[in-house]
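**Student:** One structure follows; several queries about it will come next.
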Amino acid sequence: MKLNHLKKSDPRLYKLISAEIKRQDETLDLIASENFVSPEILEVLGSPLTNKYSEGYPGKRYYPGNLYYDEIEELARTRALKAFKLNSKNWSVNVQPYSGSPANLAIYFALTKPGDILMGMDLASGGHLSHGHKATISGKLFKSIQYSVDKKTGLINYSEVEKLAKKHKPRIIISGYSAYPRKIDFKKFGEIAKSVGAYHLADISHIAGLVSAGFHSSPFPYADVVMTTTHKTLRGPRGAVIFSRKEKMLHASGFMLHEAIDKTIFPGIQGGPHNNAIAAIAVAFGEALKPNFKKYQQQIIKNARVLAESLKKYDFNLVSGGTDNHLLLIDLKNLDIGGLEAEKILESAGIIANRNSISGDTSPFNPSGLRLGAPAVTTRGFKEKEMKKIADWIYRLLIKKEKPSLIKKEVLKLLKQRRLKGRPLTNKYE
Ligand SMILES: Cc1ncc(COP(=O)(O)O)c(C=O)c1O
């Protein structure tokens, strides 16, 4: 994949893209939701598949010329089901959502009627904006009830969730988060949802790779709908997929869940599917079915755990005391810095990690947490040894207050030894 044409015709943009590729190569990516896709996925995303309109679904399109797209979309669907060991008799999958937030929105529109209540985890506890936060459509158009983690333990208090559900009788209960470092009891969520006549939506955007590889328990036996973005631990292109049980809806008698969701994606809230992204999703699920993917997911968990243990040795406080998955949250309250400052200090040393709210925080702009994730550095080939090094850098930057410029040199040296094998690097573009 080369940018030779762009270089000639649009040098300004070429320069910006080249600079971004260099930035990715020369900084340490600890953003828990990011990853580096394979060269195959980049090829497919940049292919002529982007040229075509194919509104509708395989076998029923509203444009001609979709012979190959039908097959591509079917392939993405089949592989998606296979990646989570699902049978097409019981589960349907929609691979057209443009991204996670519109996918959640479509699910809400499909499953609720006016006045219904959504119940998700609040942002400060690790939930996602699209789970009913008042700044988003999900919190404006729907009545939203939010549950929190226990302030002391940082863990989900399932009896609290149950109490809230019994009191408010939501139509949808959402499990799955953006900044929760522990395993989720999907069975418990399924039971609570059933007991109040709610749908259980599991949003596994963050942990989909870990679930697919068998390291986290599967939500599928206990959920009505499962949504995942495709670009986090799954390591695919930006996009999302929605799995729905082939069952009748709870309140719209006679209607099937998956049909309602398909209709809400198209023509409900989307137009033509992004065919290049769908083909790249097929590649990503194909990659997820290979034995190496399991090793990769296992290494992510090992790396996150070693990073957590090493930070604890330096007296950092971690929300919930550690991690079971790909991410961890430092609680900075015992230090003399906030999340915003910590993020900036790390960035000036070439370490990219985002500030994050933790339970009880009121300002998402300057929260008291820092979220660290292992998926991207693990793709880069980092193992336990390098994770210990990262903990040491964070300690020297945030506690010992060493000069970021000195640490930046060490970071760069390590990154140059762990280049992204087979993934396009700066020099290939110049
Ligand atoms: C749990 C969860 N759901 C949904 C989303 C939304 O995905 P997108 O950014 O693709 O809209 C995210 C994104 O970070 C997420 O973490």
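Cβ atoms here come from the backbone N, Cα and C positions, even for glycine.
So TrEMBL says this about it:
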type	residues	note
BINDING	LEU123, GLY127, HIS128, LEU129, SER363, PRO364, PHE365	(6S)-5,6,7,8-tetrahydrofolate binding site
DOMAIN	6-394	domain 'Serine hydroxymethyltransferase-like'
MOD_RES	LYS232	N6-(pyridoxal phosphate)lysine
SITE	HIS231	site 'Plays an important role in substrate specificity'
**Student:** Which recorded positions among GLY127, HIS128, LEU129, HIS231, LYS232, PHE365 have CB under 6 Å of ligand 1?
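**Tutor:** Among GLY127, HIS128, LEU129, HIS231, LYS232, PHE365, near ligand 1: HIS128.
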**Student:** Whole-number Å distance between the CA of SER363 ((6S)-5,6,7,8-tetrahydrofolate binding site) and the CA of the residue listed as 'N6-(pyridoxal phosphate)lysine'?
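**Tutor:** With the alpha carbons as reference points, the distance is 25 Å.
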**Student:** Could you tally the C-beta atoms, other than its own, that fall within 10 angstroms of the C-beta of HIS231 (site 'Plays an important role in substrate specificity')?
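**Tutor:** A 10 Å sphere around the Cβ of HIS231 (site 'Plays an important role in substrate specificity') contains 25 other Cβ atoms.
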**Student:** Distance check, please: Cα of PHE365 ((6S)-5,6,7,8-tetrahydrofolate binding site) against Cα of the residue listed as 'N6-(pyridoxal phosphate)lysine', rounded to an integer number of angstrom.
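**Tutor:** Computed Cα spacing between PHE365 ((6S)-5,6,7,8-tetrahydrofolate binding site) and the residue listed as 'N6-(pyridoxal phosphate)lysine' is 23 Å.
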**Student:** Measuring Cα to Cα, how many Å separate LEU123 ((6S)-5,6,7,8-tetrahydrofolate binding site) from the residue listed as 'N6-(pyridoxal phosphate)lysine'?
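**Tutor:** Roughly 19 Å, rounded to the nearest whole number.
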**Student:** Three-state secondary structure of LEU129 ((6S)-5,6,7,8-tetrahydrofolate binding site) from DSSP?
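**Tutor:** Once the DSSP labels are grouped into three classes, LEU129 ((6S)-5,6,7,8-tetrahydrofolate binding site) ends up as helix.
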**Student:** Could you pull the average pLDDT for the domain 'Serine hydroxymethyltransferase-like' (6-394)?
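**Tutor:** Overall, the domain 'Serine hydroxymethyltransferase-like' (6-394) comes to a mean pLDDT of 96.
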**Student:** Between LEU123, LEU129, which of the binding-site residues has the fewest other CB atoms within 10 angstroms in the structure shown?
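**Tutor:** Minimum Cβ neighbour count within 10 Å, taken over the binding-site residues LEU123, LEU129, occurs at LEU129.
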